[in-house]
Each structure stands twice: as C-alpha cells, then as structure tokens.
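Below is one structure, written out as structure tokens; the observations come after it.
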C-alpha cells in the first residue's frame with residue numbers, strides 16, 4: 001500500500017502549523033522503536049520492518065495489555081515473529097560493516113498514521129497501543145497477518161482501548177488504557193490481580209456504619225420492624241418494601257435494623273445478617289457505554305447471592321426502574337434484579353413514597369409482586385415525642401447544649417400543627433436541630449446552654465413563616481377569649497358567635513367523638529350579614545389557615561372531580577384534588593365552603609364521610625385526615641322568602657325563618673351530620689354605626705403608609721349609616737356608599753391634590769351631602785415632637 005500523495009492539495013496554513021500541537025512519543029514507545037532498530041542491527045539487516053516493530057511492541061506495556069485483552073498468546077506470537085525474522089528475512093542481511101538499519105516505508109507509515117490519529121483526537125502523546133492499531137492498516141504485511149492468526153482484529157483493539165471492553169472474559173476487570181480517545185490514568189492493576197469487591201465499591205455496609213455510631217437508634221416502629229423481619233424470613237419473595245410519606249422514617253427503619261443486628265436485638269435467624277445499602281450513584285457513575293452498568297449490577301447480585309446472610313437495601317427503590325436502560329430498551333436494573341428476587345436467593349429491602357410507588361413501581365407488576373408492601377404511617381404525637389427523646393442525646397452532643405422535656409414536647413406539637421409540608425418525626429427533628437444550630441450563630445457570651453419552649457417557638461415561626469405571637473399564644477387563653485374577640489370583629493351576630501364558640505370549646509375539651517372534625521356548621525341568613533366574615537376572623541383568631549372554596553365554581557357534576565382529583569384516564573389525574581391537597585398541606589385549618597347551596601348535590605354526598613368520619617379518600621386512594629378541620633358552610637337559602645313582605649299586614653323579621661328552606665335544599669343525612677345550623681339575623685339600625693366605624697378604620701389602615709389620617713364626625717357617621725342601611729342586603733351597600741362618597745374624592749386628592757404628601761381628612765356633612773375637608777401636613781416642630789394621632793370618633 002502506497003502512501004497518499006499530497007499533490008494538488010492546498011498548502012497548510014503556516015499560522016495553523018505554528019499553533020498545532022505536535023504529539024510526542026511516550027517513553028515506552030520510544031524504547032520500543034529503538035528496540036526494533038536494535039533487533040535489525042543485531043541481525044545485520046539492511047531494513048527495519050514492521051515485523052521488527054511488532055516484536056518490540058510485545059515488550060511495550062500499553063501494546064502488550066491490548067494484545068492480552070484480545071486473547072493473544074504473547075509467547076506464541078513472539079516465537080512466530082522470531083522464526084520469521086531469522087528465516088524469511090535472511091535476504092535483508094548486508095555485508096557492509098557498521099551500517100545502520102533503515103526503517104521501511106511501511107514502518108514509517110505506521111508511525112506517521114498513529115501520530116496523525118492521536119493529533120486529530122486532540123491528545124498529545126502517541127503510545128504503543130496507537131501504533132499497534134495502525135499496523136492493521138498495512139493489510140499486506142506479515143505483521144498484520146500474524147496478529148490475525150491470533151484471532152485479533154482491529155475492532156477488538158479499538159474496542160478495548162476506547163471502551164475498556166476486553167475480548168478475553170478472563171482478563172480481570174475491563175479497563176481502558178492509555179491511548180483512548182479521552183485521557184485516562186494508567187491502571188496500576190494488571191491482569192490476574194485480585195479485583196476489588198463489587199459490594200465494597202457500589203454498596204455501603206450499614207452494619208459497619210452502625211458500629212461506628214453513624215446510625216441513630218431505632219425507637220418505636222415495633223409493628224413495622226416485626227413485619228419486615230417476618231418477610232425477610234420467608235423462603236420466597238422475602239423482600240419487604242417500606243412505603244410511606246417523606247419524612248416518616250423509612251430509611252431510619254432499615255438503618256435501625258442494622259443497629260439492632262449489631263446489638264443482638266433481633267431474632268436468631270437474623271443475628272448474623274449484614275445489610276448493604278446500594279449506592280445507585282456509584283453504580284451509574286462512569287458507565288458511558290452499553291454493558292458497563294449491567295456488568296456492575298450483575299457483579300453485585302452475584303456477590304450477594306454468594307453471601308447467604310446479606311440483605312440488600314435500596315433507598316428510593318423506584319430509581320431502579322429505567323436505570324441503565326438504553327433508549328427504547330427494556331433491559332434496566334429492575335429486570336436484572338427480577339430473577340434473583342423471585343428465587344429467594346437475594347433478600348432485598350426497598351423504600352419509596354406513595355407518589356413514586358403509584359407512578360413507577362406499581363406499574364411494573366412483575367417487580368411489585370416480588371415485594372411485600374409495608375405501610376409506614378406518620379407516628380402519632382406521643383410516639384413522635386418518644387422518638388425525639390431517644391434522639392435527644394445525639395443532638396445535645398452535636399450542638400453542645402441541652403433540650404428540656406418541654407422543648408421536645410413543644411417541637412413535636414408545633415411541628416404537627418404548623419409545619420404541614422413535612423411529616424413527623426422528620427419535621428420535629430428539623431425543629432430541634434435548627435434550634436440548636438441557631439445558637440452557633442451567636443457569641444459565646446450570649447449562647448444558651450439549655451433550650452426551652454421559647455427557642456422552639458421562635459424556630460417554628462421562622463420555618464412556618466407565621467408571626468411568633470401566633471405560635472406562642474396559649475390555646476386555653478385563645479379559647480377563653482374567642483367569643484369576646486369575635487364579637488369585637490363581627491357586629492350584630494352575638495347569638496351565632498356564642499353558638500359557634502360553644503361548639504369549638506366542646507371539641508377542644510375532648511368531649512367530642514375523636515374521629516369527627518372539630519365542628520361542622522352551616523351558616524344561614526340574609527346576604528351581607530357577616531357569615532363569611534365570621535369564618536375569616538375565626539381562622540385569624542385561632543391562628544390557622546383559611547381554605548376558602550366558592551361553591552359557584554362547582555355547579556356541574558364533573559366539577560366535583562376538582563375537589564378530590566380526576567379519576568385514572570382523565571385529564572388532570574396527576575394534579576390531585578384541590579380540597580384533598582389543601583387539607584393535606586394544612587391539617588389544622590378552617591375550611592369555608594361559601595354559598596354551598598350553589599354546588600352540585602354530589603358535593604353534599606362527598607362531605608358526608610368528612611362530617612361523620614373525618615376522612616376523605618382522594619383519586620389515588622390516599623385518605624386525607626379532616627379531624628383537625630373546622631368545617632363551615634354558608635348558605636343564603638330562604639333569604640328570598642324572608643325578604644318577601646306578608647300580604648295585608650307587616651311582620652317583624654326573626655331569625656330561624658329559613659329552616660323550611662334548609663330542609664328542602666339539604667337531604668336528611670346531610671343535616672343530621674351537622675353540629676349546628678347557625679342562623680344569622682339581619683343587621684339592625686343600631687348596629688350599622690358600628691359597621692360604619694369598622695369600614696372607616698379599615699380605610700385608614702390602607703392609608704397609613706401615605707401618612708393620611710381620617711377624622712369622622714358623628715353627623716357623617718349617621719349620614720353614612722342612613723344611606724347605606726338596607727335590611728335585605730346587609731352591610732355591602734354601606735361599602736358602596738363609602739366608596740362613592742369618600743374613596744373616590746380621596747383618590748383625586750391622593751394623586752393630584754393636597755394629600756400627595758399626606759395630611760388630615762375631616763369627613764363631615766353639609767347640605768345633606770358628605771364633605772371632605774383636607775388639611776396638608778404641618779411642618780415638623782423644632783422640638784421634634786410628633787403631632788397627636790387622630791382617630792375616628
């Protein structure tokens with residue numbers, strides 16, 4: 001084969017030649033080239049051929065490693081080459097004394113071809129492996145023929161150099177060599193050396209971790225641990241699967257089981273067991289080519305099967321589904337594990353959440369049937385307190401302080417009430433850990449050595465983003481003042497507020513059935529009398545979330561699915577239900593279903609189990625707890641009948657006249673589950689002045705940032721009450737009167753008039769009309785005293 005001619009090609013750019021990096025020969029390759037020339041000189045050959053070069057490459061480490069991986073018998077090849085050089089190349093012997101052997105054209109082409117390939121690959125060093133591959137291009141040479149006789153092809157060499165895939169299965173662990181397309185470190189281990197254990201490379205020994213004290217002790221969870229041990233002792237399908245919400249302690253059960261094993265607190269059948277936690281990241285890292293991942297996983301499975309007391313723990317086990325699969329291929333980690341899991345030779349423990357279990361794990365029926373599902377529910381508050389008391393010494397040692405028993409109790413109770421995006425005990429552990437970490441931020445002189453309830457409350461307030469006073473408020477004090485507080489905020493509905501307060505106190509006193517919500521109330525009465533306002537103020541007073549649903553959005557039959565989620569096969573199945581997700585995130589809340597009579601009757605049927613058993617199952621089969629919910633429904637049924645005047649004689653408005661309308665609208669089983677139907681009375685004229693004052697104070701609160709104060713004269717208050725009073729429409733007409741006669745003129749003054757920099761607005765009456773007297777702000781006094789604060793009369 002002749003070298004290609006460069007005739008007709010454009011000359012290379014001298015600037016490119018200057019910046020191009022010329023590859024150098026590795027020291028071992030230089031020695032091999034000198035050895036090839038020395039072999040020719042020793043035999044007084046006139047030319048150094050490819051056969052001389054190949055014989056020298058047998059002793060070059062990189063080339064020798066490639067040939068070994070490609071099943072080449074180096075001793076046999078060496079003997080064949082030596083015989084060929086001594087017998088068939090005898091014609092090259094020269095009689096000229098002291099002459100040096102000259103490389104043949106093929107010899108030079110091979111070296112040049114290897115250098116060009118290395119340079120085009122962006123590397124800087126030519127190794128013996130590159131030269132060995134280049135020899136195969138000289139197809140008519142005896143050197144290439146001898147390699148092919150050893151059943152070695154160019155593909156075998158390139159496959160091992162680039163991918164680390166050895167043709168000889170007995171050649172240790174597949175590894176890349178110098179000369180691959182990406183720079184690699186030279187492996188020090190040679191073929192035949194003991195391989196590192198796959199378990200030690202890709203798994204973590206939880207028993208060793210427990211002996212070192214890196215695992216927290218397992219407290220409680222006796223039922224779950226007993227069930228897991230029972231499954232592990234089975235003959236077949238001995239694979240427990242821990243399924244639960246994030247933060248309930250699934251991984252802690254597996255680690256705690258290892259801790260119990262080294263403490264000899266397990267049955268004799270598990271006394272010698274070792275739990276290995278699979279490191280999926282280490283298993284996948286570096287597996288760039290097909291076959292690498294499967295080879296690693298099979299090695300792990302084989303070693304586990306050879307270890308009769310081994311238990312494999314896979315955290316987040318849903319990640320094995322699809323791991324290592326090529327595009328469109330079905331061979332992933334889960335399919336590699338199935339045969340071992342079926343026969344009982346491999347004991348595997350997994351953990352996952354309900355969401356991933358439904359979305360990934362449950363869909364693979366062949367895999368899920370090999371596991372025995374164990375539900376890990378959120379522990380109760382007393383159980384969570386026990387868990388934290390057991391973990392307390394570890395956190396005290398880490399943070400170098402102490403927690404009081406009240407602090408632990410407060411952490412669990414407050415985390416259960418206010419931190420709703422995480423579950424116990426994880427949320428409570430986060431609270432005490434962060435409370436301890438907060439002390440590291442203060443100076444030594446101010447650092448506290450004992451943390452109590454106050455520090456825990458401050459941390460919960462930061463995590464839950466609520467005012468600290470709401471956290472530290474005593475429940476007993478709040479309940480005692482509940483009636484008085486609501487009466488100050490909502491006017492004219494004293495009887496309704498008294499009935500509501502009495503029902504809530506009854507539930508908080510523990511005299512209510514434990515599986516029911518705190519209260520189920522139906523507020524009835526005319527529009528605009530404060531039904532929705534009572535629910536808002538109740539949530540604010542108790543310091544809980546208000547979940548408000550306007551039932552006019554749920555008038556169609558299919559709209560019910562928005563509350564609990566769409567069924568499988570329908571759009572929105574993966575989004576969840578607005579009602580179930582909202583209560584799941586805020587278990588302690590006031591649930592307000594506004595204008596319930598406008599909803600489809602199917603909504604009433606959904607609420608039956610909520611009012612009776614405090615549970616509602618969403619579209620995924622998850623039961624949502626409503627036991628800490630105050631359910632309030634408002635309705636205007638009967639308001640139209642109450643607004644009608646009797647023919648002939650007038651009558652006095654009375655509360656409770658809408659009872660017949662309530663009975664017509666709601667079914668007996670729905671009404672029978674209500675704690676109370678609370679009727680709101682129409683607002684009287686004597687109440688309207690208090691409502692006027694409240695609206696004006698709300699307006700002043702909106703203007704406080706603009707430094708604008710409002711002073712309302714008694715005449716103006718009476719005028720607003722007279723114009724805004726409507727016994728049929730409640731307080732809403734009053735809001736429109738205030739907007740028309742006060743807010744609109746104020747907007748002009750705030751934007752373009754005298755109130756751009758603040759000031760005082762006096763609201764009076766002149767010629768039976770509202771008049772605004774605007775005073776610009778006074779200049780600051782020299783004494784630095786502030787002007788007295790003016791409030792509405």
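The backbone N, Cα and C atoms fix where each Cβ goes, glycine too.
In Swiss-Prot this protein carries:
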REGION    1-24  region 'Disordered'
DOMAIN    22-168  domain 'Clp R'
REGION    25-88  region 'Repeat 1'
REGION    103-168  region 'Repeat 2'
REGION    169-194  region 'Disordered'
COMPBIAS  185-194  compositional bias 'Basic and acidic residues'
REGION    199-447  region 'I'
BINDING   244-251, 525-532  ATP binding site
REGION    451-639  region 'II'
For residue 250 (ATP binding site), what is the tally of other C-beta atoms lying within 10 angstroms of its C-beta? 23
By the 10 Å Cβ-neighbour count, the most surrounded of the binding-site residues 244, 246, 525 is 525
State the three-class DSSP label for residue 250 (ATP binding site), counting H, G and I as helix, E and B as strand, and everything else as coil. helix
Could you break down the residues of the domain 'Clp R' (22-168) into DSSP helix, strand and coil, giving a count for each? 92 helix, 10 strand, 45 coil
So what's the average pLDDT for the domain 'Clp R' (22-168)? 86
For residue 529 (ATP binding site), list the number of other Cβ atoms lying within 10 Å of its Cβ atom. 27
Only counting partners 6 or more residues apart, tell me which same-chain residues put their Cβ under 8 Å from the Cβ of residue 531 (ATP binding site). 523, 524, 525, 634, 680
Suppose we draw a 10 Å sphere around the Cβ of residue 248 (ATP binding site). How many other Cβ atoms does it contain, all chains included? 25
